Structure formats: C-alpha cells, structure tokens
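Noted in Swiss-Prot for the protein shown:
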type	residues	note
TRANSMEM	46-69	transmembrane segment
TRANSMEM	135-158	transmembrane segment
TRANSMEM	175-199	transmembrane segment
TRANSMEM	273-291	transmembrane segment
TRANSMEM	336-359	transmembrane segment
TRANSMEM	375-401	transmembrane segment
TRANSMEM	423-445	transmembrane segment
TRANSMEM	525-543	transmembrane segment
BINDING	Cys567, Cys576	[4Fe-4S] cluster binding site
TRANSMEM	583-604	transmembrane segment
TRANSMEM	651-673	transmembrane segment
BINDING	His662	divinyl chlorophyll a B1 binding site
BINDING	Met670, Tyr678	divinyl chlorophyll a B3 binding site
BINDING	Trp679	phylloquinone binding site
TRANSMEM	715-735	transmembrane segment
Amino acid sequence: MATKFPSFSQGLAQDPTTRRIWYGIATAHDFESHDGMTEEQLYQKLFSTHFGHLAIIGLWVAGNLFHIAWQGNFEQWVLDPLHTRPIAHAIWDPHFGQGLTDALTQAGATSPVNIAYSGLYHWWYTIGMRTNEQLFQGAIFINILVCWLLFAGWLHLQPKYRPSLAWFKNAESQLNHHLAVLFGFSSIAWTGHLIHVAIPESRGIHVGWENWLTVMPHPEGLTPFFSGNWGAYAQNPDSIDAVFGTSQGAGTAIFTFLGGLHPQSESLWLTDIAHHHLAIGVVFIIAGHMYRTNFGIGHSLKEIIEAHNTSHPKDPHRGYFGIKHNGLFETVNNSLHFQLGLALASLGVACSLVAQHMGALPSYAFIARDYTTQSALYTHHQYIAMFLMVGAFSHGAIFFVRDYDPELNKDNVLARILSTKEALISHLSWVTMLLGFHTLGIYVHNDVVVAFGTPEKQILIEPVFAQFAQAASGKMMYGFNALLANASSSASIAANSMPGNHYWMDMINRPDALTNFLPIGPADFLVHHAIALGLHTTALILIKGALDARGTKLIPDKKDLGFAFPCDGPGRGGTCDSSSWDATYLAMFWALNTIAWITFYWHWKHLAIWMGNTAQFNESGTYLMGWFRDYLWLNSSQLINGYNPFGVNALSPWAWMFLFGHLIWATGFMFLISWRGYWQELIETLVWAHQRTPIANLVGWRDKPVALSIVQARLVGLTHFTVGNFVTFGAFVIASTSGKFG
C-alpha cells in the first residue's frame, strides 16, 4: 500500500479531507512537528538543508552568468557602459505579433530581449571580467560547486557523516569557524581578487589564468609587507583624471584611504574597497581566535554572559537589578528559533543598509548613472529587508511559545522584559499615535490650504537636527559651523592633516544625486515622520505578538494553543485574532505599506534630482495630493500607455505586469474578507453540481473537499496582497524610470 502524503505525519496522512494536503504542505518544513523527530535529527536535517540552499543560490548565479554570456551583450557593453543598454536574456514567445517583436528588439539586438536592471553587468565589469568566455567559465565553475554542495548535503545525512548534537551546540568553535574562516578568510580572499585581478584590469592590465602568477599587484611585491613599510602600498594612487579600464591616470597603490568617488566611473575607489576588505578580514580573523576551544585559552561565552550581572561587589546597583544575564547562554544555545531570530534581524538591517549604500556610496563602476538599475536595486533590497525583519519577530514569538523556560530564565533580563511588557507595548502605542496624528494632521492641513489656493499657509518644518548632522559630516549648504563644515574645527584640522589626497568633502558637497547626503527640507521632514509611523506601528504589532505569545489576561494559557491558532476555542467566547501568527500577519500589511512609503520617497526624490527638477519634490511633497498627483499618477501614466491605440512599445510588458499586479493584489481581499463559512458552502455547491453533471461525474476524488482554515485563508490572502504589491510597484519603478532615462 502506497504511503499517503505527508509521510512525516501519520495523523495528517490519515485525514480523510483535503486538509491533509494543505496542512502537509504548511508543515513540511516545520521539522520539529514531524513524527519521531529527535533534537539531534532536527539539527542534522537543518544542517543538510544549508547545502541545498547554497546549491539553489549557486544555480541562480550560474544561470545569470550563462544567460548573459549566451544571449546578452556584455562585450559590447564593456566598450561603452554609459551608452549601451545591458541585455538580461532573449525572449521567445509565439504570441508576439510584429508590433511587440519590433518594440522589444532593442539595445542592438536582432530579436526581442529583456533589458537587465540587476546591476550584474556593472559588478562583473568592476571586478575585472571583460569577455563572454569569462562569464561562461564562471557559470561552469559555479555549477561544479553546486554539484559538490548537493553531494555534501547528501553526505551529511548518511549515518557515518552526521555531526553529533554536541558538535552543533559547541558555540565557541562555531563562532571561531564562522568569524575566522567564513567571514575572515573570504574577506581576505576577496581582497586578493581585487588586488590581483580587478585593480589591474581597472588600470588596463589584463590578468588571467595564464599570467596571474607573474603579474605582481604592486611593483615592490611583498617587500613592504615583510619590512613593515605598509604605507608604500598607499603611495601613488590613481589620479582624478584616471579613466577606468585604461592606463590613463593609473597609479600603483593597492590599499588607499581616498574617500569619495572615482570622478570618471563615479563609484568608490577600488583601492579603497580593497583596503576595506583587508581590514574587515583581519578584524574577523582576530575575532575568530577569541573564544576558548581546544587549548583552554580565550573567552567562554557562558562566563562572559554570566559576568553581566549586578552581583559584583563594587557595583552600586548590586542586588537591585537581579541576576540579569544568568541562563541566557543556555536559552540561546538551545533554541534554534532564538538564533534564527537574531540572524534574521541582523541580516535584515544589513540588507536595508545595502539598499541605502548602493545609492549613497555606489561601489560598482558607472552604476550610479544607470538610474533604473539603482531604483530597482534600492527597492529590491528594502523589500527583502522587510521580509527578514518580520521573520525575526515571528521566530522570536515561536521561541517564546516552544523554547522559553521560565525556571531557567527566572528574574533575568528576558524574564524582566516579559514582566514589563505592558509598559513597553503601551509606550510604543503612544509613540505611534503621536506620530500618526501629528504627521497626518500636518499633511491634511497642508492639503486643505493648498486646495483653497493659499499654499503660503502650509505648516513647513525644516529638519534642523538632520541638517546639523549632515553639516557635521561636511555639508556646507546649510550654514552650520559644525565639525567638518567648519574649516577651523578640530575635526577639519585633523582631516586636513592626513597625508595625500582625500575626496570625502568633494563628494558630500556635490550638487547632483551623487552626493551621499541629499539636501533635505520640509517635504523630507514630513515623509520621514510618516515612515517613522509605519516602522513604529509594524514594530508595535510584532513586539506585542512576541511578548504576548505565552499568555495574556484574556488568554492566560496561550502558549498551550501554539504559535498559530485561529481562535481560542469554544467555552471561552472564541476570542480570535490573538495568536502570535496573527500579529505577524497583521504586521505584514503595515510593513508593506511602510516599505512602499520608503521606496516612494527614495524614488521620487531621486527622479526629481535626476531630471533637474528638485522643486517638484520639494514643493509637492509637503501635502498628500502632491504625492498622489505628481508622483503616483504622473509616473503611472507611462505604464498605462504601454498599450494604446497606436500600438505597443517597449514598456508594454511592465504595463501588463502593473495591471496584473493590481489584479493579484485585489484577489487577496477575496480571501481576507470572506471567511470559512462562505468558502465551505461554495465548495459544497460545486461538489453537488459536479456529482450531478454527466461525464464530469466520472471523475471523483478520495479526499473530501473542505475549506481552508482561517489561518490558511489569511495566508493565501496575505500572499496575494504581498505578491500583487511588489509586482505592481516593481513594474512601476522600472517602467517609470526607464521610460524617462532609457
């Protein structure tokens, strides 16, 4: 007899309804809930999935390399990066008529192609790649790596090669390995690639497999390193007249501290980037030798954490603050959800920083002038950051439900956070209301006075504190005599005393979008507070969901109901919308709105600067109708014209995505508004009709069709809302930017 899906749960496998399928899919990756799962098996399975995950990433990277090498125009783009549109891949579609075929035959191609807005061309060019052959070689190498990773994943599931539970819980060895080997060595290795391959290529010197052992990165070789004369590596940097990819203006330095941008490529100096990776690598390798493992030297994490308490005889607070950190080492080390929450939060912050820095400190040659790519990458990384951050709180809540031990954490900082949750949640609630009422109040006031023809009556507040922070970093335009904006300050004197040329002040005072601190005014002040409202409300919902995960006054035994439950059951009034999963679900809507506001702001401000029309954002951004009319509507018009009575144009695929994204988004509401009763009745009506229709009733089914649970229907609704949201906005960003700048 064939085993029914899911094999990991006999209870579900015997369910006679379609619940078996949907619950099976929903819990396929919840290894903890599977039949017969031990803690050791759980760790081993997760460890093997890491190799599979890396293999999928590798296939994706190899696919990009292969398709661009095969169908792209990398070699043509390299010859003129500023005026050649990069091709992502060809499009073959039998439905295309001649009009669309002609419209999408672009960028010098002879058949329909997609334009690349990924920044991959800029990245590969910057790191020294110049030919399709090199891209093919990269794809082949990564595919070999993928095969090795898949084998490693399989191998570590075999009894002989499964790591033990003690190995997984050896925190010090794990830290040393991740810090020194994964982060440290990989940073040093990347430094090696930059100085051996990328920097020479940027100076017109080709380094390949045939000569990389004979072309020295620096004329003096390793002599300065071993003699301690490290400064030699910073002498003779590229001049400000340097032309990227040629010997014109090229120097010999490999590690510099120039600051600012290479004037011609308008990206960070490659020698600065190499210096950064070298320093990061050294720091991580030192950090990777800090923790006590084989030789009994170094720090014990448990000792460090437990020293963070107020039992020290010289501590003035001794005996007042409790035992603070006792029990935290075991709590974190024994909870995968706690560890995952920390990792997701860290990666979420890093990803949001990447979004900001790709615009403010562009590291790839000529990418700053590819406005559509810059817009797409900012949006892409902020959306990813949002998902990671929401996931961090979700797994924090699961930790409180599944892994938290009240006895182990008695009276420590974790227990105290739980015991003061009412104060934390109510203060966050107060902050969100203050932000919301004041920000919306000012926006609406401004809308009203503008509508009545008296724009001079708007409430316009200059962001003086932010302007002061910019001035302290060197921005002169505001007239603050602070730190780097004051030539006689100690900061300026120290900066000017550094030997050699430095270009930070040139960059921060540029008049265009390549200044790393854009000029800000009242429109920025308002949208900043609107975004702060969104962030605080998202945080409020998520923090409340996590801190209330174990129980509340309304449902004191909530931890026994699990992370995701629809209502608290009969006999108690059936309180709904109260599980930690519901908090995640509700927070996602706020998170999506907030990310939309963040990306709206970044995109509109940059569009205005790129088009030389900064007044549009500065004047229209102070009231809501300005945002709706001069950003959303004005930039949607090109999308809506992708198809028109005169035929189609190259924006038509984005126009189609824009419309279809709205449809997906709206479909979400069907699941969010209609609950189980409606769907169950609809299903039973369809079943009744099917069973009474000749020919159709020859086809039957084993599982009795039942409606999705409330939690599942919400997930389906949220998924449609989310996918529709970013399909719509992704198409909007790409089409509205590329429609203006190509």
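Cβ from N, Cα, C; glycine included.
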- Would you kindly check 46-69, 273-291, 583-604, 651-673 and say which stretch has the most C-beta pairs under 8 angstroms to the transmembrane segment (135-158)? 46-69
- Site with most surrounding Cβ atoms, counting all protein chains shown within 10 Å, from the binding-site residues Cys567, Cys576: Cys567
- Task: For each of the binding-site residues (Tyr678, Trp679), count the other CB atoms lying within 10 A of its CB, then report the residue with the highest count.
- Result: Trp679
- Query: With every protein chain in view, how many other Cβ atoms are within 10 Å of the Cβ of His662 (divinyl chlorophyll a B1 binding site)?
  - Reply: 15
- Message: What does the structure give for the C-alpha distance between Met670 (divinyl chlorophyll a B3 binding site) and Trp679 (phylloquinone binding site)? Integer Å is fine.
- Response: 10
- Cβ pairs under 8 Å with the transmembrane segment (715-735): which stretch of 375-401, 525-543, 583-604 has the most? 583-604
- Given Cys567 ([4Fe-4S] cluster binding site) and Tyr678 (divinyl chlorophyll a B3 binding site), what distance in Å do their CA atoms have, once rounded to a whole number? 18
- Message: Between the Cα atoms of Tyr678 (divinyl chlorophyll a B3 binding site) and His662 (divinyl chlorophyll a B1 binding site), what distance do you get, rounded to the nearest Å?
- Response: 24
- Inter-residue C-alpha distance, His662 (divinyl chlorophyll a B1 binding site) and Cys576 ([4Fe-4S] cluster binding site) (nearest angstrom): 29
- Message: With Cβ-Cβ distances below 8 Å as the criterion, list the same-chain residues six or more beyond the ends of the transmembrane segment (273-291) that contact it, or say none.
- Response: 171-173, 175-181, 183-188, 190-191, 194-195, 198-199, 234, 254-257, 298-301, 363
- Task: Quick one: pull the CA-CA distance for Cys576 ([4Fe-4S] cluster binding site) versus Trp679 (phylloquinone binding site), whole Å only.
- Result: 19
- Could you tell me which three-state DSSP class Cys576 ([4Fe-4S] cluster binding site) falls into? strand
